[in-house]
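Q: Let me give you the structure first, and then I'll get to my questions.
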Amino acid sequence: MKEQKSLAAFLLINLVMLTLAIIPVIADYSSFQVLLKSEQLAQQAQQPTHQAAVKHRSVTTAPNSRRIRDSRFMRQPMNWRLSSQVTPYPDLKKYPQLWIKVSLAKQRVYLMNQQHLLYEMYASTGANRPAMQTPRGTYYIQHERGTFFYSPREKEGAYYWVSWLNHGEYLFHSTPTDLQGHYLESIAQQLGRKGTSYGCIHLTVADAKWFYQNIPYRTKVVIQ
């Protein structure tokens, strides 16, 4: 009987010692599992952010780029003294593919970057009469530009002019004025509606000033 008790005590002591030896191993393994799980969760948390950033870069388009059919930013009603749109003018330094489209049918000037619209302007092109029509074709902005001119032959002048054909003959400029520089409001009210010019392209006062100050030399102009 004593031998059995001694054997039981010996086994119990060894079991306790073995248990005490295993506990740190289990604790270390559990800590390792927790650390590994934390690293996995951190990697998973970072992965969607990286994918979203790549996806965002792949679909990002230029600011202010809109298809040419979109006219929701146009000022309504038109005000011949103010900008055509209620949004800011584009920063042309961001658009190396800038060109200008003039629609005779719609009486509009479109600032384009490749095939995307940057800005739309009310315009008035040549009147539908002999020797007054705006010539169709592809042209380029020329060196000549100025803040005011007056033509005794047409008895009209304008502010903020920029030449695009024949070095001072065909221009972008403000809605016309008289000799004293007073705007002819009856003509100004036709901007965006009908052609009233002698072949030049009338713009609102604000648009003409911005055009004069910002449109680069050699910018392509397509008149259709």
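If you go along the chain as it appears here, the first residue is 1 and each next one adds 1.
The backbone N, Cα and C atoms fix where each Cβ goes, glycine too.
Positions annotated as transmembrane segment by TrEMBL: 7-27. According to TrEMBL, the domain 'L,D-TPase catalytic' annotation covers 98-224. The annotation active site, proton donor/acceptor is assigned in TrEMBL to His173. If you look up TrEMBL, you'll see Cys200 marked as active site, nucleophile.
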Q: Let me know the DSSP-derived helix, strand or coil state of Cys200 (active site, nucleophile), please.
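A: Reduced to three states, the DSSP call for Cys200 (active site, nucleophile) is coil.
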Q: Run through the Cβ atoms and count how many others sit within 10 Å of the one on Cys200 (active site, nucleophile).
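A: So the Cβ neighbour count for Cys200 (active site, nucleophile) comes to 25.
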Q: Under the DSSP assignment, what numbers of helix, strand and coil residues are found in the domain 'L,D-TPase catalytic' (98-224)?
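A: When I sort the residues of the domain 'L,D-TPase catalytic' (98-224) into the three classes, I find 14 helix, 57 strand, 56 coil.
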Q: Once the chains shown are all counted, how many other Cβ atoms turn up within 10 Å of the Cβ of His173 (active site, proton donor/acceptor)?
A: 26
Q: Between the Cα atoms of His173 (active site, proton donor/acceptor) and Cys200 (active site, nucleophile), find the distance and write it as a whole number of Å.
A: 8
Q: Mean pLDDT, the domain 'L,D-TPase catalytic' (98-224)?
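A: Overall, the domain 'L,D-TPase catalytic' (98-224) comes to a mean pLDDT of 98.
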